[in-house]
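J.: Would you mind keeping the following structure in view while I ask a few things?
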Amino acid sequence: MSATAAITTRHDWTLAEVRALFEQPFNDLLFQAQSVHRQHFDPNRVQVSTLLSIKTGACPEDCKYCPQSGHYNTGLDKEKLMEVEKVLQAAAEAKAIGSTRFCMGAAWKHPSAKDMPYVLKMVEGVKKLGLETCMTLGKLTQEQTQALAEAGLDYYNHNLDTSPEFYGNIITTRTYSERLQTLAYVREAGMKICSGGILGMGESVDDRAGLLIQLANLPEHPESVPINMLVKVKGTPLAEEKDVDPFDFIRTLAVARIMMPKSHVRLSAGREQMNEQMQALAFMAGANSIFYGEKLLTTANPQADKDMALFKRLGIKPEEREEHADEVHQAAIEQALVEQRDSKLFYNAASA
């Protein structure tokens, strides 16, 4: 495939084709990925999101990589659902440091009926602040998905994690088909999809290819594809797993960019472990989204000022979205906070 040829969006990738991409010489692969990237995106713009854990710990799932699983002793304190106003305050702070999307994550197998009203209020409030909204709450029913869409949720994150073949080695409490069903519900409800996976769990190159095939062969590509590098947490079964080779990680980003040319490819968890040179290679490979702030749910993330310093050195600017004038935006913040303060949901969220 010529690096400069026009790229058509495909949904029929085969393992042999994706293997061939992975097996290219490193420079050829990066050149092809960067060429594809430039056909659809400004190469010097990166979308910036902030992630907040709105409910931490004691998750009933047994994901072997996750410090929030109740199956493992990782020293993580269990926390109740965060109050709506605190979520809105965190969103306003994220906005102030340059984030355009606010992502809220809860350590649940699925949201309960009693939690949904608070979650919906969070979505509505963050939207009023002028931010895009994203949530990751676990498995959803069709009714819950529709309610989130009606509240104004822009993105729903539900990662596939790895290939179907390797998946059973990592998670036994939820099936791969259940994950795909949730993604189908999200798409049917008219929301955008954020879905990717994790590298460094002991998977093979074919498993990495298999993950990308599952994502790229969906009826519509995910708008956002987070590629995570395993953050090894003491107490989890993967705490002693071998490190991912940095070049293998960059290769996966590049292949994701080629296969899903119009998606934002997010350099996600594990960035704290990457030096500036590796992050620069990631942007060259087509990564054009990051999480911004000091924490990703429960693990460290590069500090915001370090990110902006690196952006400046590389000539990168945060991706912009249409904004209200400052005074209109400030009024929206104040109004949203007042509405949440006056709501019964505001008072009861923490004890629900």
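Note that Cβ sites are derived from N, Cα and C of the backbone, with glycine treated the same way.
In case it helps, Swiss-Prot gives these features for our protein:
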- 44-262: domain 'Radical SAM core' (DOMAIN)
- Cys59, Cys63, Cys66: [4Fe-4S] cluster binding site (BINDING)
- Cys103, Cys134, Cys194, Arg266: [2Fe-2S] cluster binding site (BINDING)
J.: What is the Cβ neighbour count of Arg266 ([2Fe-2S] cluster binding site) at a 10 Å cut-off, with all protein chains included?
T.: 25
J.: Compute the mean position of the Cβ atoms of Cys103, Cys134, Cys194, Arg266, which form the recorded [2Fe-2S] cluster site, and then list in sequence order the other residues of that chain whose Cβ is within 8 Å of it.
T.: Ser49, Leu51, Arg101, Thr136, Tyr155, Asn157, Ser224, Pro226, Ser289, Phe291
J.: I'd like to know the mean pLDDT over the domain 'Radical SAM core' (44-262).
T.: 90
J.: Any idea what the Cα distance is from Cys134 ([2Fe-2S] cluster binding site) over to Cys66 ([4Fe-4S] cluster binding site), rounded to a whole Å?
T.: 20
J.: Through the lens of DSSP with three states only, how would you label Cys59 ([4Fe-4S] cluster binding site)?
T.: strand
J.: Residues with Cβ closer than 8 Å to the Cβ of Cys103 ([2Fe-2S] cluster binding site), same chain and 6+ apart in sequence?
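T.: The list for Cys103 ([2Fe-2S] cluster binding site) reads Ser49, Thr50, Leu51, Leu52, Thr133, Cys134, Met135, Thr136, Tyr155, Asn157, Cys194, Phe291, given in order along the sequence.
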J.: Least buried of the binding-site residues Cys59, Cys66, Cys134, Cys194, going by other Cβ atoms within 10 Å?
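T.: Checked Cys59, Cys66, Cys134, Cys194; of these binding-site residues, fewest Cβ neighbours within 10 Å: Cys59.
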J.: Could you tell me the C-alpha distance between Cys63 ([4Fe-4S] cluster binding site) and Arg266 ([2Fe-2S] cluster binding site) in angstrom, no decimals?
T.: 21
J.: Counting across all protein chains present, how many other Cβ atoms fall within 10 Å of the Cβ of Cys63 ([4Fe-4S] cluster binding site)?
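T.: Its Cβ has 23 other Cβ atoms within 10 Å.
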